[in-house]
Structure formats: structure tokens, C-alpha cells
Amino acid sequence: MAIITILGAGAMGSALCTPVCRAGWEVRLWGTWLDGHLLDVCEAGKPHPRTQIPLEKGVKLYRSNELNKALEGADVVVMSVASVGVPKVTELALKGISQAKALWLTSKGFCPDKNGKIQLLPEAIRIIAKQKGVLIPPIVAIAGPVKANECAEGKPTATIFGCKDLEVSRKYAQEARTEVYCIEATDDEIGVEICAPMKNVYAIALGIADGLEEGTGFPHHNLKAATFSRAIKEMSLLGQALGARMETAFGLPGVGDLEVTGLSGRNKVYGVRIGRGESAKNALAEMNRLEQTVEGVPAASLAAKLVEQSAPHLKEKMTLLQAVNEILAGTERSVVRVLSEAVLPQKP
Ligand SMILES: NC(=O)c1ccc[n+]([C@@H]2O[C@H](COP(=O)([O-])OP(=O)(O)OC[C@H]3O[C@@H](n4cnc5c(N)ncnc54)[C@H](O)[C@@H]3O)[C@@H](O)[C@H]2O)c1
């Protein structure tokens with residue numbers, strides 16, 4: 001039986017246990033130093049606090065001081081921590097990763113290097129390994145419309161595995177597939193990795209449009225739909241500028257994931273607060289107080305830097321990205337005006 005070690009026992013790491021267990025893998029789940037309380041609950045047989053679903057039977061749990069044991073003999077390692085933790089966890093797990101046949105990546109985000117250059121996560125991981133003189137196996141970037149709780153519960157889910165080597169994505173798309181966890185394979189690692197964090201940024205904008213209805217008593221569905229279309233266009237433009245295929249943004253990682261992220265979740269909820277009248281600053285403080293990390297907030301400014309550094313010709317064209325950053329910075333203008341100007345067609 002092939003062994004898979006998932007790093008990070010949060011919502012997504014624990015949720016991924018369900019399909020891979022059911023697909024016949026031996027599954028190990030390692031909790032970081034921040035996950036002890038989550039493992040306590042799981043060990044007591046209670047539902048995982050983040051998904052409200054009990055862990056799949058047979059999953060072996062490892063505490064943060066048992067990383068080497070968790071990685072011993074693993075065929076596949078999965079990085080499933082929040083993007084901010086990816087560099088550190090990569091360094092800690094580098095030996096085990098180098099001995100595996102593949103590194104899967106469900107973390108979503110941009111990663112600034114020491115000089116402030118914005119990297120996509122797979123590239124950041126490859127650079128860390130190179131600096132340490134360690135060879136690592138192919139990276140499989142995982143994205144698409146996957147809410148952790150539904151995946152954990154075994155509900156029908158479509159996802160996409162992106163590896164530069166298409167044969168590798170295809171191999172694991174087959175080996176991790178179940179009747180309800182169905183996987184597309186692509187070689188467009190860049191497209192997958194652009195869409196994953198960008199959709200968090202744009203989900204804030206969709207939330208704002210929903211919040212406007214709560215704030216004004218009148219629906220803003222037209223504005224929301226224009227925002228959705230604009231978001232997809234910008235993901236596609238940025239992806240192509242960095243070497244991705246245009247169509248990736250129109251598939252599961254872009255349209256699919258933006259749809260599901262815009263329906264619920266922390267980025268959307270944060271946007272709703274702003275749309276109904278809270279200042280961006282107060283709304284974020286409240287989200288933090290509730291221990292609700294809004295990944296789209298850091299991603300918005302990092303995405304703007306990425307555009308400036310790697311695709312400066314797009315700066316003026318990424319109007320929705322600019323608008324989200326203006327709103328997050330606490331614009332003096334009305335939110336509906338900022339959003340409208342960004343997404344409604346300009347005079348020809
Ligand atoms: N929740 C979902 O539906 C979902 C779906 C697909 C992908 N993802 C992505 O998976 C990643 C994890 O998300 P989640 O929903 O499991 O979040 P979570 O908050 O439930 O868990 C976060 C995980 O990251 C670790 N972590 C957090 N800060 C860290 C730090 N500074 N250093 C080291 N480790 C740290 C935690 O210990 C935990 O294991 C994110 O990048 C997220 O975008 C989430």
C-alpha cells in the first residue's frame with residue numbers, strides 16, 4: 001500500500017484524508033506546532049473542529065515533534081499548511097520530501113523571497129530546496145472548487161492536479177480518484193497556482209457586492225456578475241503573462257473555485273462586511289478577533305506586487321485587482337463606485 005503523509009492537520013489537510021484513504025492509500029496526518037488541540041479532538045474520536053466531520057478511519061496521527069517518523073518511507077508528501085507556513089514546513093520536511101516520489105501542494109498563496117520578489121509557491125519550494133542543495137521530486141499543484149468540509153464528508157467534488165510533467169499529474173489523478181473525488185490532470189502548474197490565491201482576492205469583491213444588498217436593501221446581482229466576469233478575465237490575463245494557458249482560468253481552478261469561494265468562506269464574509277458598510281480595517285479586526293484568517297487580504301497586495309514585478313504591462317488592465325486594493329486600503333470613495341468603475345465596461 002502506497003504511503004501518503006499530509007503536512008498540516010487543519011481543515012484541508014484533514015479533509016484530504018477522506019479521498020486518499022478511500023482510494024486505498026496508507027494515510028498519515030502530521031500536525032504542526034499549532035495543531036495540537038486539533039489532534040487532541042480527533043484522537044478523542046470527535047469531529048475535526050474546522051470541518052465538523054470526524055477523520056476517516058485508519059488515518060495515523062503524528063504530533064509536531066514526530067515529523068521524521070511521519071515522513072519515513074512516504075511515497076507522496078502533501079503540503080497542506082497555510083501559505084505563510086510553507087517555507088518553514090518545507091525546510092523542516094526537506095529530507096522526507098526529497099525521498100518521496102512527489103510533493104503535492106494544496107496550500108494557496110504567493111510567497112515573497114528575501115529580496116521581496118514574489119514567487120508562486122511551487123517555485124518558492126524549489127528555490128528553498130536548491131539553496132539547501134537538496135533535490136526534490138515533481139510538485140503537483142492541487143486546486144479547484146473544493147470546500148474542505150464537503151471533501152471530508154465524501155461529497156461529490158471535482159479537483160485538478162497540475163504538474164509540469166503531465167504523466168505525473170495523470171498518474172496521481174488516477175491513483176487518488178474515488179467515485180466522488182474526481183480529478184482532472186493538467187501540465188499548467190502556473191495557471192493552477194495563479195488562480196488559487198487570486199480567487200481569494202476576487203471572492204472579497206463578490207462578497208462586497210452581496211454586502212451591498214444587505215446594506216442598501218437592494219440587490220446588486222448585475223454588479224456581482226460583472227465582477228465575476230472581470231475576475232476571471234484578470235486571472236486569465238495574469239496567468240498568460242506568466243506562461244499559463246488561457247483556458248485554465250475558465251476551468252476548475254478559476255471559474256470553479258471562484259464560484260465556490262464566492263458562495264461562502266472567510267474571504268466572502270469579509271467582503272460582505274465591507275459591502276454592508278463596515279470599514280475594511282474594522283471588518284478585518286473583527287475577522288481576526290474571531291480567528292478567521294482572510295487569505296485574500298495579503299494575497300491582494302502580493303498580487304499587485306507580482307504584477308508590478310513580472311507583468312508591468314498589465315498594471316492598468318487589472319482594474320478589479322486595483323479596486324480591491326483601494327478598498328482594502330480604506331478608500332475615501334464609495335465602495336460601490338470603486339467596484340463599478342473597475343468592472344463595468346468603459347466608454348468605447
Ligand atoms: N479550507 C478549504 O476549503 C481549502 C481548500 C483548498 C485549499 N485550501 C488551502 O489549504 C491551506 C490550508 O488551509 P486550511 O483551510 O486547512 O486552513 P486551517 O486554518 O484550517 O489550517 C492551517 C494549517 O496551516 C498551519 N499553519 C498556519 N500558520 C502557520 C505558520 N505560520 N507556520 C506553519 N504552519 C502554519 C496550521 O498549523 C494548519 O495545519 C491554505 O493555503 C488554503 O488556501 C483550503
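Cβ atoms are placed via backbone N, Cα and C, with glycine included.
Heads up, TrEMBL stuff is auto-annotated, nobody curated it.
Annotation source TrEMBL lists active site, proton acceptor at LYS199. Annotation source TrEMBL lists NAD(+) binding site at GLY8, ALA9, GLY10, ALA11, MET12, GLY13, ALA148, ARG266. Annotation comment: TrEMBL describes LYS108, ARG266, ASN267 as substrate binding site. Taken from TrEMBL, the feature domain 'Glycerol-3-phosphate dehydrogenase NAD-dependent N-terminal' covers 4-167. The feature domain 'Glycerol-3-phosphate dehydrogenase NAD-dependent C-terminal' is assigned by TrEMBL to 188-331.
Features per TrEMBL, on structure.
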residue: GLY8; record: NAD(+) binding site; DSSP (3 states): coil
residue: GLY13; record: NAD(+) binding site; DSSP (3 states): helix
residue: LYS108; record: substrate binding site; DSSP (3 states): coil
residue: ALA148; record: NAD(+) binding site; DSSP (3 states): helix
residue: ARG266; record: NAD(+) binding site; DSSP (3 states): helix
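Screening the recorded positions LYS199, ARG266, ASN267 for a C-beta under 6 A from any atom of ligand 1 leaves none. Annotation: LYS199 carries the greatest number of neighbouring Cβ atoms among the recorded positions LYS108, LYS199, ARG266 [cut-off 10 Å, Cβ to Cβ]. For the residue listed as 'active site, proton acceptor', the nearest of the binding-site residues ALA9, GLY10, ARG266 in terms of C-alpha separation is ARG266. Within its own chain, ASN267 (substrate binding site) has ASN200, VAL201, ALA203, ILE204, GLY207, THR261, VAL294, GLU295, GLY296 as residues 6 or more apart in sequence whose C-beta sits under 8 angstroms from its own. Cα to Cα, GLY8 (NAD(+) binding site) and LYS108 (substrate binding site) are separated by 13 Å. Straight-line distance linking the Cα atoms of ALA9 (NAD(+) binding site) and LYS108 (substrate binding site), rounded to a whole number, equals 15 Å. Counting only same-chain residues six or more apart in sequence, the Cβ atoms lying under 8 angstroms from the Cβ of GLY13 (NAD(+) binding site) belong to ILE6, LEU7, LEU29, VAL78, SER80, VAL81, THR106.
Comparing ALA11 (NAD(+) binding site) with LYS108 (substrate binding site), their Cα atoms are 13 Å apart once rounded. Neighbour counts of Cβ atoms within 10 Å were taken for the binding-site residues GLY8, GLY10; the minimum is at GLY10. Within 8 Å of the centroid of the Cβ atoms of LYS108, ARG266, ASN267, where the record puts substrate, the same chain has further Cβ atoms from ASN200, ALA203, THR261, GLY265, THR293, VAL294, GLU295, GLY296, ALA299.
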